[in-house]
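Asker: The following block contains the structure, expressed as C-alpha cells.
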Amino acid sequence: MTTGAPRPATAGATARPAAPHTTEPSELSGPPGEQSARSRPQPPWQGQWPAVGAVALGGGIGAALRYGATLLWPTAPGTFPATVFLVNVVGCALMGVLMALISERGSPHPLLRPFLGTGVLGGFTTFSTYTADIRHLTDTGRLAVGLAYLAATLLAALAAVWAAHAGTRYALTRRGGAR
C-alpha cells in the first residue's frame, strides 16, 4: 500500500509523484486476482450527471429565450445586429449579478451555477452568432458596421459584467446582506 507521501529524491534520479492509493489485497472481495467494483477506477464522469442535466436544461431554456428575442425584435440583414448585441450585453450583466450573489451569499446549491450560469446564461448569450454576424458583415462589404459591432460588443459586454457585479456587491454590502 502506498501512503501518497512524496518520495525523497535520490542523486541522479528525477522526482516522480508517488503512486496513487491502491486497495490492500485483504480489502478485495472475490476470487484472487479479481478486483471488486469498489476498488476499480471510476469513470471521470461518475457523479456528474446531475450537473450535466442542469446545464442541458438551463441551456435549452436560455436558447429558447434568445430565440424568442430574435423573433420579437428581428434585425434586417446587413444592418447592425442589435438584438444579438443586446442579448449578449444583458446576458453578461446577468452573469455579473449571479457571480456577485454567489460570492457574497455563501454556498449556494451545487447545481445553481451550472443551471443558471453555464446553462441558462450560456444558452442565452451567443458569441458564436456574434462572430458569424461579424464575418457576414465584413464579407458583404459592410466593414465599418462589422468592426463597430466587434468593438461595441466586446466593450459593452465587459462593462456590463463588471458594472453589474460591482453594483450587486455594493447593494448587498450596503444592505448588510453579505455573508
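One-based numbering along the chain as shown.
Any Cβ shown, glycine's included, is placed from N, Cα and C.
Take a look at what TrEMBL says about it:
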type	residues	note
BINDING	Gly122, Thr125	Na(+) binding site
COMPBIAS	1-20	compositional bias 'Low complexity'
REGION	1-49	region 'Disordered'
TRANSMEM	49-68	transmembrane segment
TRANSMEM	80-102	transmembrane segment
TRANSMEM	114-132	transmembrane segment
TRANSMEM	144-165	transmembrane segment
Asker: What is the Cβ neighbour count of Gly122 (Na(+) binding site) at a 10 Å cut-off, with all protein chains included?
Answerer: 19
Asker: Are there any residues at least 6 positions away along the chain from Thr125 (Na(+) binding site) with a Cβ closer than 8 Å to its Cβ? List them or say none.
Answerer: Gly62, Arg66, Val87, Asn88, Gly91, Cys92
